[in-house]
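Report on the structure given below.
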Amino acid sequence: AAGQNKQHFITKNTAKLDRETEELHHDRVPLEVGKVIQQGRQSKGMTQKDLATKINEKPQVIADYESGRAIPNNQVMGKIERAIG
């Protein structure tokens, strides 16, 4: 009978951990911000690749920011802002 409590305790903690893990997520760049980046880039006549080259990042980074898939990074955001004004 002594071992039964331990198993129940582990199962209970695992379920709690599962719930807590599901609630944790990284914030993404809002879609509105992505649209502003895209419009600013296009107003300068730049492709995603052009902008990426200018700020020394990969084109996929720009694509992720514009589509709202990127996890915001202040350093990258600052470089984008300076590049597109």
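FYI, residue positions are counted from 1 along the chain as it appears here.
Using N, Cα and C of the backbone, Cβ positions are placed for all residues, glycine too.
Summarising the annotation, TrEMBL assigns compositional bias 'Polar residues' to 1-14.
Per TrEMBL, the feature region 'Disordered' maps to 1-25.
Feature annotation from TrEMBL assigns compositional bias 'Basic and acidic residues' to 15-25.
The annotation domain 'HTH cro/C1-type' is assigned in TrEMBL to 37-85. Looking only at the domain 'HTH cro/C1-type' (37-85), the predicted model's pLDDT averages out at 97.
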Inset, instruction - Provide the three-state DSSP residue tally for the domain 'HTH cro/C1-type' (37-85): helix first, then strand, then coil. - result: 34 helix, 0 strand, 15 coil
